[in-house]
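So that you can see what the record holds, here are the features copied from TrEMBL:
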| type | residues | note |
| --- | --- | --- |
| DOMAIN | 48-272 | domain 'Radical SAM core' |
| BINDING | CYS62, CYS66, CYS69 | [4Fe-4S] cluster binding site |
| BINDING | SER137 | (3R)-3-methyl-D-ornithine binding site |
| BINDING | GLU162, ARG181 | S-adenosyl-L-methionine binding site |
Amino acid sequence: MKKLLRKLYDENNLKREEIIYLLNNITKDMYPIIFEMAQNTVKNIYGNRIFIRGLMEFSNYCRNNCIYCGIRKDNKYVDRYRLSKDEIIYSLEEAHYLGYRTFVLQSGEDMYYTSELMVEIIQEIKTKFPDTALTLSIGERDFYEYEMFFNAGVDRFLLRHETATPNLYSMLHPNMSFENRKACLYNLKKLGYQVGAGFIVGLPYEDNEVIADNLLFLKELNPEMIGIGPLVPHPQTPLHRMKPGSVQKTLLFIALTRLFVPKALMPVTTALNTLDEDGIEKGIKAGGNVLMLNLSPIHVRNKYEIYKNKESRDVSEIKSIEKRINNIGYIIDMSRGDHIDWLK
Ligand code: SAM
């Protein structure tokens with residue numbers, strides 16, 4: 001066991017059967033060693049800096065029916081909203097004034113925002129805030145649309161792969177396929193985006209094979225960003241009877257992923273903070289190095305309810321967050337916070 005962990009720490013890779021053996025035999029007393037390895041790994045690359053992003057959830061309309069997601073198309077109880085270009089810019093102005101230099105624009109898959117409208121929004125943001133990195137997280141689009149957004153100035157794109165086990169992917173995402181998800185991720189890579197993938201912990205049928213699929217897929221894709229968060233069941237979804245994903249397992253998988261893809265920027269996810277009030281500290285100690293704070297207008301914030309009691313931290317809370325981060329020996333970094341290979 002120790003040999004395997006040493007190998008992972010030194011070589012940042014393991015074979016499938018080694019991953020399975022590790023996951024089958026790992027015991028709780030080994031977690032602190034793995035967390036320390038993950039922290040050392042990230043500190044050697046990015047130092048003790050935690051990168052801060054501002055998250056704008058600009059529409060909760062969605063054409064998809066992911067069976068875990070509260071804003072799925074068939075959830076009739078969702079109070080749907082869309083923000084206009086001016087409403088988006090207004091909120092970004094405030095965050096920019098507070099020092100934020102990365103904006104993440106996220107929504108359901110809402111085709112109201114045509115590629116032309118998206119380009120208009122992107123161009124205005126990039127003109128108004130030229131010193132700021134822009135990330136999109138709007139789901140699956142065609143290659144040529146991703147190309148239009150990239151040429152308009154988008155720097156990064158988040159599209160979690162959710163699970164890398166094709167059958168499970170199909171079960172969770174009606175009318176969608178892992179094949180297409182993967183094609184989208186590779187298209188984004190090809191175009192030159194900093195790409196974000198990631199998976200949900202605690203999905204139905206999750207076993208160590210499923211986790212191995214995730215780790216091997218991430219190793220192969222080598223994304224610049226990786227988001228890993230626990231499932232938080234939503235009462236108005238088919239998965240309402242599921243138990244929430246385990247916080248401990250989520251932390252373990254963050255740490256292992258850090259060892260597989262050392263240079264990735266890895267957020268401490270909102271879902272983790274929702275399930276554990278010390279989620280920020282625990283996530284950082286497991287190898288996370290990014291934190292996203294919410295900058296959506298207050299009147300729509302509760303409506304972007306992918307799960308119940310979503311714990312979102314406001315951009316203005318940066319001072320209290322900074323204290324918490326300082327207390328565990330880290331500092332906040334408000335710069336664009338690009339992937340290390342982009343800085344070179
Ligand atoms: N539509 C975009 C997409 O598909 O990438 C972005 C929005 S989607 C709501 C953002 C993420 O929320 C998903 O990638 C998924 O992992 C996460 N999510 C949705 N429902 C969740 C739940 N009940 N528990 C945990 N994470 C959830």
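Placement of Cβ uses the backbone N, Cα and C atoms for every residue, glycine included.
All annotation found in TrEMBL is predicted automatically rather than curated by experts.
When the binding-site residues SER137, GLU162, ARG181 are compared by Cα distance to CYS62 ([4Fe-4S] cluster binding site), the shortest distance belongs to SER137. Summed and averaged per residue, pLDDT over the domain 'Radical SAM core' (48-272) gives 98. Of all the Cβ atoms in the protein chains shown, 22 others lie within 10 Å of the Cβ of GLU162 (S-adenosyl-L-methionine binding site). The shortest Cα-Cα distance from CYS69 ([4Fe-4S] cluster binding site) to any of the binding-site residues (SER137, GLU162, ARG181) is found for GLU162.
Long-range Cβ contacts of SER137 ((3R)-3-methyl-D-ornithine binding site) within its own chain (separation 6+, distance under 8 Å): VAL104, LEU105, GLN106, SER107, PHE157, LEU158, LEU159, GLY196. Here the CA atom of GLU162 (S-adenosyl-L-methionine binding site) lies 10 Å from the CA atom of CYS66 ([4Fe-4S] cluster binding site). Close to ligand 1, meaning a Cβ under 6 Å from one of its atoms, are these of the binding-site residues CYS69, SER137, ARG181: CYS69, SER137.
Around the Cβ of ARG181 (S-adenosyl-L-methionine binding site), the same chain contributes GLU140, LEU159, HIS161, GLU162, TYR169, each under 8 angstroms and 6 or more positions distant in sequence. CYS66 ([4Fe-4S] cluster binding site) is surrounded by 22 other CB atoms, counting those within 10 A of its CB over all protein chains shown. Other residues of the same chain near the [4Fe-4S] cluster site, with their Cβ within 8 Å of the Cβ centroid of CYS62, CYS66, CYS69, are ASN64, ASN65, TYR68, GLY70, ILE71, ARG72, LYS73, GLY108, GLU109, ILE306. According to DSSP, CYS69 ([4Fe-4S] cluster binding site) sits in a coil region rather than a helix or strand.
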